[in-house]
Amino acid sequence: MSQAVSHGSHGHGHDDHGHHDQESLKVFGFWLFLITDVLLFGTVFATYIVLHHNTNGGPTPKELFEMPGVIWETFILLTSSFTSGLAVLQMHKGNKKGLIGWLIITVLLGLSFLTLEITEFVNMANEGATISTSAFLSSFFTLVGTHGLHVTVGSFWIIGVIIQLARHGITDVTKRKVTITSLYWHFLDVVWIFVLTIVYLWG
Amino acid sequence: MFGTFFITGDPLILGAQVSIGLVSLAAIFIVTYFKKWKWLWTEWITTVDHKKIGIMYILAAILMLFRGGVDALLIRTQLALPHLEFLHAGHYNAIFTTHGVIMILFMAMPFMFGLFNIAVPLQIGARDVAYPYLNSLSFWLFFIGAMLFNISFVIGGSPDAGWLAYPPLSELSGSPGIGQNFYIWGIQISGIGSLASGINFVATILKMRAPGMKLMRMPMFTWSVLASSLTIMFAFPILTVTMAMLFLDRFLGAHFFTLDGGGNPMMYVNLIWMWGHPEVYIVILPAFGIFSDIVSTFAKKKLFGYKSMVFALMSISILSFFTWLHHFFTMGSGADVNAFFAITTMVIAIPTGVKVFNWLFTLYKGRINFSQPMLWTIAFIPCFVIGGMTGVMLAVAPADFQFHNSYFLIAHFHQVLIGGVVFGYFAGMYYWWPKMFGFKLDEKIGKWAFWFWNIGFYVCFMPQYALGLMGMTRRFNNYDTDLGWLPLNIVSTVGAFIMGLGFLFQIWQIVYSLRNHKKEKTGDAWDGRSLEWSIPSPAPMYNFARLPQVSSQDEWWEEKERRAAGVPVEPAQPLEPIHMPKNSGIPFIASIFWFIFGFGLVWDWLWMAIPGFIGIVVTLFARSFSFDTDYYIPVDEVRRSEEAALKGAK
Ligand code: HEM
Ligand SMILES: [Cu+2]
C-alpha cells in the first residue's frame with residue numbers, strides 16, 4: 001500500500017504536532033468515560049427508585065428531608081457550575097489570573113456544598129437514620145453519597161489543575177485539563193438536578 | 001487470628017500452599033540468579049507498549065486456565081463416583097465458585113484483552129492504542145484483582161456462593177467468612193481495569209485508524225473488538241455498582257439485597273444478569289471476529305457478506321442487553337415477562353446464524369489451508385451450532401422449567417464457552433503467534449493438542465446433556481448409585497481429563513517451539529490480508545515506520561495483488577521522528593496500593609485499607625503532575641531498525 005503523506009499538514013512546529021491530537025483525543029476519551037458514569041448513576045438511581053418505599057418502619061422521605069438545606073445546596077452547586085464556565089471563558093481569553101481565580105471560587109463553592117451535605121447526613125444519623133436503618137436509607141445514602149463522592153473527587157482534581165496552572169501557565173496540556181474538569185463539573189450539576197427531582201421533590 | 005488467616009487442615013490446600021511457596025521462591029531465585037530484575041522492570045513491568053501488554057495478558061490467561069482447569073478436574077473427580085469422599089461439600093462449593101469466576105473473569109477476559117492488544121493497533125495501521133498509559137494501568141488492575149482473588153484459596157478461605165454470588169447466600173447471613181469479600185474486591189478491581197480497556201479500544205478504533213481506513217474497510221476482528229468494547233462500556237458500570245452495593249451490605253450493614261430491613265435479593269439477580277448476559281457476548285464477539293479473519297485468510301477469499309457480518313455483530317451486542325431475564329424464567333416473573341425475554345433471546349439466533357452461513361460460504365470452494373488457526377476454526381463451527389441449538393431449547397420458557405439448573409444447562413454453556421470462546425482464542429493465539437514472537441508454533445504437537453481437546457470435549461459434555469434430562473442438577477457433590485447416573489458421570493470425567501491432556505500438549509508445544517522454531521522472516525506468516533502482516537514480525541516498537549495509506553478492504557492483500565500485477569509503487573515517503581509514550585512505573589505501583597486497599601477491606605482492617613487508599617490517590621496525583629510523558633524516536637533509529645528487519649527477511 002502507499003504511505004500516508006507526512007502529517008506535517010498541521011502547519012506548526014514539530015514538537016507541537018501529534019501533541020495537539022493527543023489532547024483532543026483525551027477529551028474524546030473523557031466523553032466516553034462520562035457515558036459509563038451516566039450508566040453508573042443510572043443503576044444507582046434505578047435501585048433508589050425500586051427501594052424507596054422499603055422504609056422498614058423507619059423514617060420516610062417526608063419525615064426526613066429538610067428542604068431549605070437542599071435548596072441551598074442546589075443554589076451553591078448551580079453557581080459553581082456557572083463560575084467554572086467563567087473560568088473557561090477566561091482561559092480562552094488567555095487570562096491566567098482570571099482563570100485561576102474563578103477556579104478557586106468554584107472549588108470553594110464545591111466544598112461548601114459538601115459541608116452542607118455532610119451536615120445533613122450527620123443530622124440524619126443523629127436522628128437514627130443511617131445506612132443500615134432500611135433499604136430506603138441504604139439506597140438514599142448510596143445515591144446522594146455517590147454524587148457527593150464525585151464532587152469530592154472533582155474538588156481535589158480542580159485543586160490539582162490550579163497548582164499546575166500556577167506552575168506551567170496556560171498550555172495545550174493544562175487547557176485540556178481545564179476543559180475536562182469543567183465538563184465533569186457541569187456533568188455533576190446535571191446529575192444533581194436529577195437527585196433533586198427524584199429524591200427530594202418526588203419524595 | 002492466624003487460625004482464620006491461613007487455611008489449614010486439608011491436605012489439598014497444604015499441597016497448594018507448599019507449591020505456591022516453592023514456585024514463588026523458584027521464580028525469585030531464577031530472576032535474581034540471572035540478574036533479570038532490571039530487565040523485568042524496564043522491559044515488562046513498566047512497559048506501555050501494547051504488544052508487550054498483550055503478551056502479559058495472554059501469559060496470565062494461560063496461568064489462570066491452568067488454575068481453573070485444575071478446579072474443573074477436582075470437580076469432575078468428585079463427581080466420577082457416587083459417595084466419593086474426595087471433596088466435602090464446603091470445599092466443593094468453593095471450588096465450583098472459583099472455577100466459574102476464574103474461567104470467565106480471569107481467563108477469558110484477559111485472553112481477550114491480550115488479543116485486542118496484539119492485533120487491533122496493527123490491523124488499523126496505528127502506532128499505539130489511544131491511551132497507552134491507561135492500557136498498562138488496566139493490565140495491572142486486572143492482574144492485581146486476579147491475584148487478590150486467587151490468594152483466597154490459601155488465605156482466609158475462598159468464596160463459595162457460586163460464580164454470580166446470589167444473595168442471601170453471599171450476604172453476611174449466608175457467608176459470614178471473608179471469602180465473599182475476596183470475590184467482591186477481586187472482581188471490583190479487575191472490573192475497573194476492564195472498563196478502562198473498553199473505553200481505550202473504542203477510542204482507539206474510532207480515532208486512531210490509518211488514513212483512508214474507513215469504518216467499512218476495517219478487518220472483521222477490529223469490528224468485533226469495537227462491538228465487544230462498546231458492550232463493556234455499557235455493561236461493566238452495572239457490575240461496579242452491584243459489587244459496591246453488595247459490599248455496603250456486608251461492610252456497613254446496608255439493606256440492598258438482604259432478606260430483612262426492606263432489602264430485595266431479587267434486585268441483585270436482575271442487576272448481576274444485566275451485566276452477566278452481555279458479559280458472555282463480550283467474550284464471544286471477538287471470537288467471531290477471529291474466525292472471520294482466519295476463514296478469509298486460510299481460504300484465500302474475501303469474506304462473504306462483510307456488511308451482514310458487521311450488522312450481525314452490532315445487533316448481537318445491542319440485543320444482548322434485552323435477554324438477561326432468561327436466566328431466571330423459573331423465579332415467577334409471570335408469563336408475559338417470560339415470553340418477552342424468550343423471544344428476544346431467540347432473536348439473537350438469527351444474526352448468529354447469518355454469521356455461520358457467511359463463514360461456510362467463504363470456505364465454499366476456497367483453497368483451504370489446514371494449519372493450526374484454521375483447525376480450531378473448523379472445530380468451532382459444529383460445536384457452536386450444537387451449543388446454539390441447545391441454547392434455543394433453553395430459551396423456550398416453559399421447557400426451561402425442566403432444564404433450569406440441570407446438567408443440560410452446564411453442558412450448553414460449556415459448549416459455547418469452550419467451543420466458542422476458548423477455541424476461538426486458541427485460534428487467535430496460533431494465528432497471531434508469529435506476529436508476537438516471529439515464529440510459528442509446532443504443527444505436529446499442536447494437532448495432538450487439538451484432537452485431545454476436541455475428543456475430550458465431546459466425551460465430557462455430551463453425557464451431561466443426558467444427565468441433565470435424567471434429572472441431575474448442578475452444584476451438588478454427591479448422588480446415589482440407584483439413580484443410574486454413574487456410567488455417564490464416569491465417561492464425563494474421563495473426557496475432562498482428556499482435555500487436560502490437550503492443555504499439557506499445548507504447553508509442550510509452546511516449550512518445544514521456543515527451542516526448535518524456524519524463524520518466520522517475511523512478517524507475513526499466513527499470506528494474510530490485513531495490515532498487521534505488512535510489517536516485520538515481531539513488530540517493531542513503533543509498529544509502522546510510515547503510516548500506511550489505505551484504499552480498500554483487505555488492503556495488504558490488494559497491495560500484494562497490485563505488486564504482482566506490476567503496478568508501479570509510489571516512492572517511499574521520507575521517514576519522520578516517531579512520537580512515543582514513555583514507560584511508567586506508576587500503573588504497577590498504583591495497583592500494589594489497590595491490592596493493599598482491597599486486602600484491607602477484605603479483612604475489615606482499616607489500618608491497612610486507609611494507607612492503601614491514600615497510596616492510590618497519591619499515585620493518581622503523581623501521574624497528573626508529570627508532564628514529561630513522551631519522546632520522539634529519531635529518524636536514524638527508525639531507519640536502522642527497518643534495515644535490520646529487511647536483512648532478517650533475506
Ligand atoms: C476445561 C474444561 C472444563 C470442565 C471439565 C468444566 C467443568 C465444570 C463443572 C463440572 C462445573 C460444575 C457444575 C456444578 O456446579 O455442579 C462447572 C461449572 C462452571 N464452569 Fe466449567 N469446566 C470447564 C471449562 C470452563 C470454561 C472454559 C468456562 C468459561 C469460560 C467455564 C465456566 C464455568 C462456569 C461459569 C460454571 C458455573 C459455576 C457455578 O455454578 O457457580 N468452565 N464447570
Ligand atoms: Cu443469558
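Glycine residues also receive a Cβ, built from the backbone N, Cα and C atoms like all the rest.
Small disclaimer: the values here were computed from a predicted structure and weren't measured.
According to TrEMBL, the features are:
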DOMAIN    B:35-551  domain 'Cytochrome oxidase subunit I profile'
TRANSMEM  B:55-75  transmembrane segment
TRANSMEM  B:95-120  transmembrane segment
TRANSMEM  B:132-155  transmembrane segment
TRANSMEM  B:182-203  transmembrane segment
TRANSMEM  B:268-291  transmembrane segment
TRANSMEM  B:303-325  transmembrane segment
TRANSMEM  B:337-361  transmembrane segment
TRANSMEM  B:373-397  transmembrane segment
TRANSMEM  B:409-433  transmembrane segment
TRANSMEM  B:445-466  transmembrane segment
TRANSMEM  B:486-511  transmembrane segment
TRANSMEM  B:585-603  transmembrane segment
Using Cβ atoms only, state whether the transmembrane segment (B:445-466) and the transmembrane segment (B:303-325) have three or more pairs under 8 Å that are 6 or more apart in sequence.
no
* the transmembrane segment (B:268-291) vs the transmembrane segment (B:409-433): three or more C-beta pairs under 8 Å (separation of 6 or more)? -> yes
Residues outside the transmembrane segment (B:182-203) whose C-beta sits under 8 Å from one of its C-beta atoms, at least 6 past its ends, are 97, 101, 105-106, 109, 113, 116, 120, 129-131, 134-135, 137-146, 148-152, 156, 158-159, 161, 165, 170, 225-226, 229-233, 236-237, 239-240, 243-244, 246-247, 250, 591, 594-595, 598-599, 601-602
Near the transmembrane segment (B:55-75) in space but 6 or more residues beyond its ends, with Cβ under 8 Å, are 12, 44, 86-87, 92, 95-96, 98-99, 102-103, 106-108, 110-111, 113-115, 117-118, 139, 142-143, 146, 150, 422, 425, 429, 436, 496-497, 499-500, 503
Same-chain residues at least 6 beyond the ends of the transmembrane segment (B:486-511) with a Cβ under 8 Å from one of its Cβ atoms are 65-66, 69, 72-73, 76-77, 79-82, 426, 441-442, 445-446, 448-461, 463-464, 466-467, 470, 479
Across B:303-325, B:373-397, B:409-433, B:585-603, the most C-beta pairs under 8 Å with the transmembrane segment (B:132-155) come from B:585-603
Relative to the transmembrane segment (B:95-120), the stretch among B:303-325, B:373-397, B:409-433, B:585-603 with the most Cβ pairs under 8 Å is B:409-433
Same-chain residues at least 6 beyond the ends of the transmembrane segment (B:303-325) with CB under 8 Å of its CB atoms are 216, 220, 223-224, 227-228, 230-231, 234-235, 270, 273-274, 276-278, 280-281, 285, 288-289, 292, 295-296, 333, 337-338, 340-341, 344-345, 347-348, 351-352, 354-355, 357-359, 361-362, 553
Residues outside the transmembrane segment (B:585-603) whose C-beta sits under 8 Å from one of its C-beta atoms, at least 6 past its ends, are 41, 45-46, 133, 136-137, 139-141, 143-145, 147-148, 156, 178, 181-182, 185-186, 188-189, 247, 251, 609-613, 615-616, 619-620, 622-623
